[in-house]
Amino acid sequence: MVEGRLERARSFGSWLHGVGPVVGLALLCVAGTLLNSDFASLDNAMNVLTRTAFIGIIAVGMCFVIISGGIDLSVGSMAALIAGLVILLMNTMAGWMDQPILVVAIGMAFSVVLGAAFGLAHGLLITRGRIEPFIVTLGTLGIFRAYLTYFSNGGAITLDDSLSDVYSPVYYTSLAGVPIPVWVFLLVAIAGGVILNRTAFGRYVQAIGSNEQVARYAAVDVDKIKVLTYALLGACVGIATLLYVPRLGSSSPTTGLLWELEAIAAVIVGGTALKGGAGSIAGTVVGAILLSVISNILNLTSIISVYLNAAVQGFVIITVAFLQRRK
Amino acid sequence: MVEGRLERARSFGSWLHGVGPVVGLALLCVAGTLLNSDFASLDNAMNVLTRTAFIGIIAVGMCFVIISGGIDLSVGSMAALIAGLVILLMNTMAGWMDQPILVVAIGMAFSVVLGAAFGLAHGLLITRGRIEPFIVTLGTLGIFRAYLTYFSNGGAITLDDSLSDVYSPVYYTSLAGVPIPVWVFLLVAIAGGVILNRTAFGRYVQAIGSNEQVARYAAVDVDKIKVLTYALLGACVGIATLLYVPRLGSSSPTTGLLWELEAIAAVIVGGTALKGGAGSIAGTVVGAILLSVISNILNLTSIISVYLNAAVQGFVIITVAFLQRRK
Amino acid sequence: QNKVNLGVAIPAATHSFTAGIVWWANAAKAELEKEHKDLKVTIKTAANAGEQANQLQDLVTANKINSLVIFPFESAALTKPVAQVKNKGVYVTVVDRGLTDPSAQDAYISGDNTAFGKVPAEYIAKALNGKGNIVAMRGIATTLDNERMDAFNSVMKDYPDIKLLDAKYANWNRDDAFKVMQDYLTRFKQIDAVWAADDDMAVGVLKAIEQAKRDDIKIVFGGAGSKGMIKTLIDGKDSRIQANVSYSPKFIYEAIKLTAEARLKGEALPATTIVPSVLITKDNAKDFYFPDSPF
Amino acid sequence: MSIAVRFENIVKEFGTVRVLHGVSFELPRGGVYGLLGENGAGKSTLMKILSGYEQPTEGAVFVDGEARVFNNSRAAEAAGIVLIHQEFNLAEDLTIAQNIFLGHEKKRGWWLDDAAMRTETARVLAQVGLDKNPDMPVRHLIVAEKQLVEIAKALARNARLLIMDEPTASLTPGETEALFRLMGRLHEAGVTIVYISHKLDEVERTTNEVIVMRDGRFVTRRPTAELTRREMANLMVGRELSDLYPPKDPSPAPSSAGAMPRLKVVGMTVPGWAQDVGFEVMPGEILGFAGLVGAGRTELFEGLLGLRPHSVERIELDGHEIRIRNPREAVAQGLTYLSEDRKGKGLHVGFGLRENLTLMALEHYAKPWLRPGDEMRALQTAVKDFGIRTGSLDIRASSLSGGNQQKLALAKVLHPKPKVIVLDEPTRGVDVGAKRDIYFLIQRLAREGHGVIVVSSELMELVGLCHRVAVMRAGRLEAMVDAQHLTEEELISHATGTKN
Ligand SMILES: Nc1ncnc2c1ncn2[C@@H]1O[C@H](COP(=O)(O)OP(=O)(O)OP(=O)(O)O)[C@@H](O)[C@H]1O
Ligand SMILES: Nc1ncnc2c1ncn2[C@@H]1O[C@H](COP(=O)(O)OP(=O)(O)OP(=O)(O)O)[C@@H](O)[C@H]1O
Ligand SMILES: [Mg+2]
Ligand SMILES: [Mg+2]
């Protein structure tokens with residue numbers, strides 16, 4: 001009896017807690033609709049979701065890394081470098097062969113493989129090299145962007161027009177009224193949720209973040225799992241990039257700037273603790289959407305000085321976090 | 001016998017560990033001298049130390065926050081906003097009264113007080129509001145910079161010439177051959193070291209970072225100590241700012257960009273773990289100097305493409321961290 | 001002939017325009033050092049004002065320069081550091097962003113930020129016959145961006161029937177411009193022209209318009225004359241790209257060349273040289289097309 | 001000097017769960033009181049209330065006749081009430097001296113007086129018999145040493161009422177003796193002592209009076225002299241307990257008689273901890289490991305699992321040579337290890353019970369997706385099999401009482417169905433009833449043909465349970481005592497090296 005009540009109280013508490021970002025998002029949506037009726041249009045919703053897709057997909061991968069007790073500051077640079085390399089590869093291949101579709105397909109595969117490889121390198125430096133993830137990825141943050149700048153001479157690397165025509169539907173087409181990036185985002189999020197909550201790997205990730213020592217004693221291959229989380233994040237960055245390239249068909253040293261902060265913020269706003277141990281993919285998705293809705297609303301209205309946009313974002317983030325603060 | 005050896009081996013390990021950044025710095029200095037003989041000149045050394053002073057002073061404060069298990073992403077924006085507000089205040093006061101020295105003195109005091117106040121606000125939001133430090137300071141990162149942009153109308157806030165003449169000696173004068181900012185840096189570092197290792201406050205900061213629950217059980221006023229660490233960091237930002245203003249005499253929305261990353265990197269490169277619990281001010285100072293020596297060497301040589309500067313920095317940071325990796 | 005040790009301090013290649021600056025500076029170095037044995041050029045790129053100030057110190061202390069060409073990261077912030085360099089007897093040429101205290105420089109070579117805002121305003125106003133809705137993009141909050149925006153607004157004051165619907169920051173970044181434009185399109189049902197204020201941002205703007213399949217926008221006016229946009233203009237590939245305004249990073253090349261050659265001869269430069277920003281249309285576009293530059 | 005305490009109708013609720021239902025009793029000044037009760041009876045909770053770590057939901061604590069409210073431990077300590085925690089409360093990054101004085105730093109003016117704190121620390125460490133440099137970080141201490149630091153911490157507080165919550169759970173006889181001598185001195189000096197332990201022989205030896213709690217209620221109090229251990233046990237569990245140890249099965253045939261050992265280890269060296277140790281355990285055999293604190297037993301087995309750098313000549317499992325580089329390979333081959341450090345190495349205290357239970361055997365539940373339903377059923381079975389007492393199955397492991405956490409940890413390492421199990425201090429902090437359950441469980445495992453290795457500092461337990469006992473001293477295998485010679489005296493003499 002008593003316990004039943006307790007359980008209910010507790011699960012209500014944790015429900016409220018989990019539901020914090022959702023409440024925040026709902027309030028924002030109401031505010032958005034009041035400020036500009038176009039906010040609630042389907043087109044706008046699709047725009048917002050589509051542009052959330054990149055950060056959202058990266059945030060899903062980041063969620064694993066953060067739950068396992070790690071961090072990755074390099075994702076923005078990594079995305080930019082992958083985009084640049086993929087474009088260079090596709091442009092080169094287009095000179096050799098005459099099947100743009102094949103070229104694009106190879107480019108897309110390359111994007112994911114490259115991302116996973118970069119993630120793997122991070123993982124190995126962190127586990128074998130025994131270096132703090134913060135340092136490793138701060139280092140590669142600089143390295144990736146520097147190489148992109150080097151390859152592009154500081155300018156933009158641009159996809160050939162012929163390829164661009166073949167590739168751009170990947171970003172601009174809709175299936176059943178929903179743009180492809182949103183579908184991919186959805187699939188990645190579902191896959192992430194399933195992996196985190198329904199596989200041994202996901203359980204191990206949580207166990208490592210909660211207490212690495214205990215996990216090691218419990219026969220968890222801590223190093224392997226950590227390497228895998230970084231590789232998984234890398235693959236997510238690769239997927240985000242393969243959706244990003246057809247959008248503007250170019251990569252430049254400004255591509256992906258501060259994505260790391262956005263992705264980490266999405267995860268944390270979504271209710272995952274920075275120290276790891278536990279977290280939720282659903283929360284992360286909501287967090288990512290919430291962040292892009294804020295700037296969408298700011299773009300749709302002009303009630304506040306443009307100078308203060310960042311301030312509004314700051315206030316909203318803090319407020320949402322306050323709504324879901326832990327007891 | 002066995003124990004003696006073991007003891008020795010262990011303390012040698014921790015000595016090596018602590019000495020890692022120093023070794024890294026020494027190697028860098030050798031490399032610098034080989035690449036450009038002027039590197040080893042006194043002038044150059046003073047230049048490097050002077051410019052390290054800002055980040056170094058902030059890093060000393062950041063070291064406390066990180067040891068206590070927190071983080072502050074807002075320091076760069078905070079410095080920029082403080083600089084802007086201090087300049088506005090001084091310009092306004094210069095209109096009222098005719099004693100530029102007094103005006104500058106008031107401005108300097110205001111700088112430190114404002115920093116401490118911002119830090120206090122962070123601390124209260126984190127402890128009373130029970131919000132993750134990452135979120136709170138990510139929020140204020142945006143808020144501070146937005147307000148600076150607002151006050152400057154997107155441009156720069158510039159110190160009046162009359163004041164500038166009075167103020168600039170604070171940055172440009174030397175005492176006993178050592179520029180004032182270096183003296184201040186030294187004092188702040190020594191004070192930081194003493195506070196961390198010789199006061200109850202410092203002890204509590206380490207205890208909280210190591211195990212908050214244990215600290216709470218030991219009747220340590222965890223919330224108060226946390227608030228104080230943020231206020232201390234804020235005051236350090238204020239001090240750094242009061243040295244920064246006479247240097248460039250202006251503040252704009254690009255002032256202090258990414259300082260947070262540099263300050264955190266200095267702390268971590270200096271051997272403090274991001275999860276807190278233990279760390280050293282000396283290491284932090286060495287870390288900060290190391291980071292500016294890297295870019296100094298890059299400035300003094302032109303062997304590598306300018307595009308790759310960031311890559312070199314990344315490699316060096318990772319290498320130094322590797323040298324002092326924990327077993 | 002004098003020996004000239006010339007330092008060049010410019011912003012790092014963080015977006016296309018500054019990449020052009022870096023490229024042209026390197027081109028000048030390669031060309032001039034080959035031509036003159038007595039000339040040494042050292043180029044430093046900085047990611048922020050503080051770093052640039054550091055580099056000035058290093059150029060003087062360690063590289064021992066006697067002439068400096070600087071593209072200040074920020075006018076106000078670099079005034080004092082540049083003055084210090086000049087006090088050490090270095091000849092200083094300032095490019096593009098003028099210092100707040102002109103006595104800190106020997107010569108000033110500048111692009112024309114006023115024209116950068118004025119030219120598009122005039123072009124758009126005329127093309128719309130003084131009537132219509134426009135939206136604008138702004139870069140990163142800086143003095144320079146303010147100058148351009150103010151110039152644009154001052155022209156538009158004379159056209160009361162042209163409505164500037166909104167002007168938001170898109171950080172001289174393609175992605176941000178894409179997002180801002182998407183939201184403009186959601187918000188405003190009738191837009192006649194877009195002042196994208198930079199060719200990078202224009203790329204994002206065009207993609208957003210394409211995606212929304214909107215045909216009300218007749219003009220997208222970028223700025224600075226990147227090779228991609230100039231090519232589009234020459235080829236007439238996009239009816240919305242009708243004109244551009246020159247603000248070529250090539251002026252860093254001119255500045256280095258003029259300074260180096262004058263110093264080699266021991267001469268001084270005129271106190272101020274303005275490289276005019278002019279309207280680029282299909283007719284004169286070829287003169288502004290540099291396919292090898294990254295910009 | 002000493003103080004008296006009275007509890008009046010103390011009620012404590014966590015959320016809506018009531019764990020203390022109005023406890024009232026008195027502790028007159030100067031006595032040594034044994035506080036007995038099953039796991040989860042509420043002993044630790046009541047003592048935390050007394051010492052300011054928790055606040056009662058209802059009721060009051062009277063100290064020397066005066067109602068007092070202690071808002072934190074510092075307030076209680078100011079009144080002379082000091083608690084030695086059951087679970088360690090040490091900041092791993094700080095040194096021994098820093099931990100001992102945490103929250104009570106000695107100062108000279110503004111500055112910490114480290115020299116004085118170091119001297120004082122050396123003094124209290126000497127009292128508890130721990131020979132360590134006060135400047136050593138606590139991270140480098142082994143479990144028993146941490147326990148001694150906890151005790152030393154309390155001594156440095158000048159207690160007038162000292163509460164010891166299972167202080168000997170991780171101590172071996174030597175340290176325990178030293179502790180008892182210390183208690184004797186404190187008692188003479190007039191300190192009131194509350195002693196909580198599941199080791200009834202210790203309670204019998206050290207206390208004047210026992211107080212029994214059950215299910216959050218006061219049950220009874222009796223002068224210790226009037227009670228036998230069995231009576232104490234019966235009072236605790238509220239029913240008649242039969243023999244603590246199961247009847248011993250005959251020793252299985254040794255390998256010299258041609259049988260195949262389950263596990264055979266030859267020439268195992270863990271540098272700095274254990275040298276050239278070899279042993280074997282037969283199917284159905286319970287092999288004990290005895291030794292003083294610091295004898296290297298824990299490290300030997302951590303080395304065997306690949307958790308420490310080590311070298312080994314040969315490991316055989318059922319006659320096949322195997323290699324073990326990490327715990328995962330060990331589990332895969334059929335060897336699991338229960339750590340003595342429950343909080344630091346044994347359980348994810350922030351996880352639910354289900355996640356803890358199945359962590360080592362997740363592949364059984366991942367086909368390829370995990371099935372929480374199956375896991376839940378496994379938990380229900382385990383709760384029944386191991387007698388884990390908990391109101392709900394849906395709580396975090398940290399909300400279990402200490403003994404119940406131990407049972408959960410045991411269930412966890414048995415979950416992958418190993419062939420050989422190494423149990424390091426399996427009954428630490430477990431009440432007699434539960435201990436008995438665990439002993440019978442160990443016997444059942446042996447009967448099923450498992451090889452069972454029990455590392456324990458409780459000699460009685462080894463004598464009562466094991467077929468053979470290996471005794472380690474200073475990193476070497478000193479002796480292998482077989483069933484005929486198995487007595488506490490024999491084990492102690494080998495462990496201390498006084499056997500000639
Ligand atoms: N923080 C908490 N939240 C919820 N329940 C708790 C908490 N702490 C203790 N309990 C519950 O209170 C009851 C009493 O626990 P307590 O630790 O006092 O038992 P104990 O008598 O010390 O047992 P043991 O002999 O195992 O140490 C247990 O059922 C336990 O699960
Ligand atoms: N912190 C230490 N520094 C140096 N030597 C140590 C330290 N701790 C233990 N030793 C030594 O290491 C060896 C093994 O000690 P350990 O306590 O791990 O053995 P154990 O038998 O597992 O003890 P326990 O009974 O606590 O399980 C001993 O020789 C001991 O003196
Ligand atoms: Mg207890
Ligand atoms: Mg042991």
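Placed from the backbone N, Cα and C atoms, the Cβ positions cover glycine too.
Positions annotated as transmembrane segment by TrEMBL: A:12-36 (among others).
The transmembrane segment annotation in TrEMBL covers A:48-67 (among others).
Proximity of distant same-chain residues to the transmembrane segment (A:79-97), defined by a Cβ-Cβ separation under 8 Å and at least 6 residues beyond the stretch ends, is recorded for 54, 58, 103-104, 106-108, 110-111, 114-115, 118, 144-145, 147-148, 151-152, 157-160, 162-163, 167, 237-238, 240-242, 244-245, 249-253, 255-256, 259. Marked as transmembrane segment by TrEMBL: A:79-97 (among others).
Taken from TrEMBL, the feature transmembrane segment covers A:103-126 (among others). With a threshold of 8 Å between CB atoms, the same-chain residues lying at least 6 positions outside the transmembrane segment (A:103-126) that come near it are 70, 72, 74, 78, 82-83, 85-87, 89-90, 93-94, 97, 132-133, 136-137, 140, 144, 163, 166-167, 170, 226-239, 241-242, 245.
Feature annotation from TrEMBL assigns transmembrane segment to A:133-151 (among others).
Within its own chain, the transmembrane segment (A:171-196) is flanked in space by residues 42, 46, 49-50, 52-54, 56-57, 60-61, 63-64, 67, 202, 205-206, 232, 236, 239, 243-244, 246-247, 280-282, 284-285, which lie at least six positions past its ends and keep a Cβ under 8 Å from the stretch. Per TrEMBL, the feature transmembrane segment maps to A:171-196 (among others).
If you look up TrEMBL, you'll see A:227-245 (among others) marked as transmembrane segment.
What TrEMBL lists as transmembrane segment is A:281-298 (among others).
Tertiary proximity for the transmembrane segment (A:304-323) is limited to same-chain residues at least six positions away from its ends with a CB under 8 Å from its CB atoms, namely 20-21, 23-24, 28, 265, 268-269, 290-291, 294-295, 298. Here TrEMBL flags A:304-323 (among others) as transmembrane segment.
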Please check if the transmembrane segment (A:281-298) comes into contact with the transmembrane segment (A:133-151), where contact means 3 or more CB pairs closer than 8 Å and the residues in each pair are separated by 6 or more positions.
no
